[in-house]
Amino acid sequence: MSPTQRSVGAILVTRGEAPLTQSVLRAIENQSVAPHSLTIIDVAGRHVTPFPADRVPDGAELVRVGRARNLGDAIRRAHAQGARFASEQWWWILHEDSAPEPECLDELIQAAAVGRTVGAVGVKQMSWDGSRLLELGIFATASARRLERIGDDDIDQGQHDGTSDVLGVGTAGLFISAEAYEAVGGFDPALGPFGDGLDLGRRLHLAGYRVIVAPKARVRHARVSLYSGLDGASDTDHSEPTGDVSDAVVDGNDATDGSFRKRRYAQMYNWCKAVPALILPFLALWLLVWSPARALGRILTGRASLALPEIGALVSLIGATPRLLAGRARAAQSRRVPRSALRALETAPALLRKEPAGVDEDEHGERIDPLVVASMRRYRFRSASTALGLLILTAALALMQWWGTAGGLVGGAWVSLPSSWSELWAAAWSAWIPGGDGYAGGADPLTILMAILSAPFAPMGITPGALATFLLVASTPIAAMVAWNPSRVLASSLRVRFLVSLAWSLAPSLLMSATHGVLAATLAHAALPVFVAYCVGQPKPLLVAGAGGVDEAPLRPRGVNGGCAALALVILACCAPWTLPLGAGVLAWRSRRSLLVALPALVLLVPTYVSIAARPSAWPALASTSGGVHAYTRADSWMAMLGMPAAPSTPLEAVALGTIGAGVIAAAGIALLRLRTRFAALAFCGALVAAAAGWVAAQIGVGISGAFVAHAWTAPALSLSFGALLVLAARSGSGSEDEADGPRPAWDGSRPFTVRALGALSALVLLGAGGVVAASAFAARGDAADTPTFTLAQRSTVSPMSSPIVSAVASQAQRSTRAGRILVLDGDPTNGTVNAFLWRGSGPSLTDGSPATRAVALARARSGAAEGVLRDPATASLAQAAYTLVVYPDDATVATLAAHDIDTILVPLGASGSQALTSGLDRASGLEKVGDTNSGTVWRVRPGGVTPSRVRVESASGVTTPVGGSQLSVSGDVDASGTLILAERADSGWRASVDGTALAATEAADGWSQAFEMPTAGHLTLTYSAWWIIPWQIASGVCLVVAAASALSAWRKR
């Protein structure tokens, strides 16, 4: 029914004698069309003075309902007491701080009469003094995030008067049909003072009603609930009668921080209430992760006052779960149209990311000089164009260097990765290292990092090995692009930023790490600028030319936020564990609060640090990078000072890399002489110290590569040195120090010809040197197609793989449920030398060990060489069996190899002493010769016709039953009993059970493998567990998700 004057009941909700209540009453009396009735609902609690009865206007009714939770609760209580408005057909709801202008009710009545389905009409909300436009309808996304079409200082010029149907309206001045109100069940009791208008509007739409606005109906709204912060009185925390306001005014406004928790709660509640039932559980899990991430983001971005309210809003939402479910049920009962009916009214999330209408206004709302705006836009365009050019140039260099490597890489420190992401993920988060005969401890940090990085690409069918190859091959353009944004901290000049990013992408430490296949060093090099930029601080404002001359741009440039810095430090620490203590020290020097940035990396690497610290023989592992190790020719001290971690392969490479390193040193030296500041001296001295430390650390052995000692790869230290010199040169090149007291040119101002010429020459020299290095590396592997893969694997630099390093027969055995291993033999038994390698993957694998296990293996090898005895039983068993096999083989030797789960034996093409090795293997019984393959000569290990298996059951009668499983666990039915033997080193962490009954561990006959007594057949479960693994996994997951969400949150906020 259309409203008339005789069918409208005005409702004024007030908390006692509020300061503005009388003003609102006078505004109601001055209406050109008076309401039929006026009900004053007093929600004063015990500590608030009630509304005096003698102040009630003639004809009005005063209803005292006591302490109400919110607006909806106040109306429900008054309705239950038989208030006059209950008999009216239309209700006009007003707050104690919302005064309608004289024509307001008349305009609302006319608007409501336009259609029979109109259920609610909203007003145009103005500031209390009438000077500013506040709101005309609610526009929000499906997740209840508000779109603010109106700026903070917009005046009412009729620019939004064409608005009609809206998603929701504010409750201040709300004109609603009593029939519609009852049909949807009124306001949600869990909402108020915020979010109730949006929720009511959605339910009205779904019930078949229209929600519109009357642009000419104006209400002056003081928004007491927004700015009061819901003050400290105990009752006001629940009885605030004000209505829905924008949640977009929250960030960066100290005046509204007090009400942030309730507004955030209202947004999440509305979101959970609006989603389909099937999505609700997933949304709940997301909010459990996202809310702590937002809280951390608040702390890291300087809004710590909002961190606790973020968590408080989540706690409030959890506590409101029963009311949420009840509200969803009520909404479902009143729904008459499908949810899709709201899509036309809901705002697309993309609109929230677009620039607001006030893009030409500064942070204080003042209009920016159009010349300044044009200059800033031109800078952004040229910045993007320069970055694109940088990408094209560096990609061309990378393409020149790595052409023909699509088939895979081999050699240097390069190691293979599991063919499936699930296998890599399981190895990364396990307490057992599936390499050789296995080791107890956490995985290599690079394994964890690669498992995380490859996770998004796994659904697309991209294997971890393919991603790792891309990261190494594209290390130059990746380093350039990652360094581009952080370079803004050093300078605003695009020429300087281009040179800095180009030089960083062509640093000798990066180029040599790539050619040597050290993936960890290339990733650390790429991540270093992000972390350094965070520690340095915010970029300086852009200098632009406006009508008043050259001045700083009114909008601050983007800096690196704490979330990005935390992720960068995670990459650094995973690639070079020694960088975490150094980074934490720098963060502590910056501020104590910044130490939170180091928390994700610290939690993630706790197993690594513990495993290294627990064994003194593993301490050298801290000197090197993670991942594979290799033997290489160490650089002389002067080469290290130029940034080269190893001796160059060719004179041409030495000249090119030396030119880059010497050029940066020269530029930094000139900058030191020009600036003569404490910062310049510290940067230059720090660079020298880092280079010297890198050269010293390179003398430390950290593992075994074939028959040689692998020394620490210290490229990250040299990258740090190179970066310090580059920062110093960039500070001088930007001219910011020299021009601090004189006239400063705009970013696009003219520069002297000599400066521009010097910059162009520097770019050409860098590109030329990079091209020489690329050509030299390409030429050095020109014989790769004609060289056996195993021979290429022994080189100190990487080469394209011409043929598989593992035969198809051996690869099939590895992928089977028996998880067969490969014994690779090299050396010359006639000279008493046999080198044996146990592979579980396609050659040396990233999951084979960790920095600690590699360092311990080197220490044991040195001790064994000195004492003539190998202390590790598993290593001694394998070494003795391998040597005996090729010298004087017998059945027991082949059985010993089978106990190590060796399915195939490979004598690779190009192996030294291959003829003697082959002759000895041909004499061994229990071996089945497969023949010659592209990888080499292959034999199957079949002692007594028995197929080796990682897990087997040996009965008392000597019958062996293979048991299927994976590299880390077993779960399946076994129709055998006896002794369960696992081809892994014995450790207290192994657990086995049959049909839920735990098996007792026993000592294996070979003295090294894990064994259990298995008295009955049944369903076997075999796993390795450690007490710390689950807490570590949970803590690592939470920290990583929080850091990633913090980075995304800060980016979205921009």
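From the backbone N, Cα and C atoms, a Cβ is placed for every residue, glycine too.
Feature annotations, courtesy of TrEMBL:
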REGION    232-251  region 'Disordered'
TRANSMEM  271-293  transmembrane segment
TRANSMEM  305-326  transmembrane segment
TRANSMEM  384-404  transmembrane segment
TRANSMEM  462-484  transmembrane segment
TRANSMEM  496-519  transmembrane segment
TRANSMEM  565-588  transmembrane segment
TRANSMEM  595-614  transmembrane segment
TRANSMEM  654-673  transmembrane segment
TRANSMEM  680-702  transmembrane segment
TRANSMEM  708-729  transmembrane segment
TRANSMEM  757-780  transmembrane segment
TRANSMEM  1026-1051  transmembrane segment
Any contact, the transmembrane segment (595-614) to the transmembrane segment (1026-1051), with at least 3 Cβ pairs under 8 A: yes
Cβ pairs under 8 Å between the transmembrane segment (1026-1051) and the transmembrane segment (271-293), at least three: yes
Stretch contact, the transmembrane segment (384-404) with the transmembrane segment (680-702), Cβ-Cβ under 8 Å, 3+ pairs: no
Outside the transmembrane segment (462-484), six or more residues from its ends: residues with CB under 8 Å to it: 387, 390-391, 394-395, 397-398, 401-402, 405, 408-409, 414, 416-421, 424, 450-451, 453-454, 497, 500-502, 504-507, 510-511, 513-514, 517, 519, 522-523, 525-527, 529-530, 770, 798
Sequence-remote partners of the transmembrane segment (496-519) [C-beta within less than 8 Å, at least six residues beyond its ends]: 383, 386, 389-390, 393-394, 397, 401, 409, 411-414, 446, 468, 471-473, 475-477, 479-481, 483-484, 487-488, 490, 525, 529, 625, 627-628, 630, 632, 642-646, 648-649, 657-658, 660-661, 664, 713, 715-716, 718-719, 722-723, 726, 729-730, 733-734, 759, 762-763, 766-767, 769-770, 773, 777, 796-798
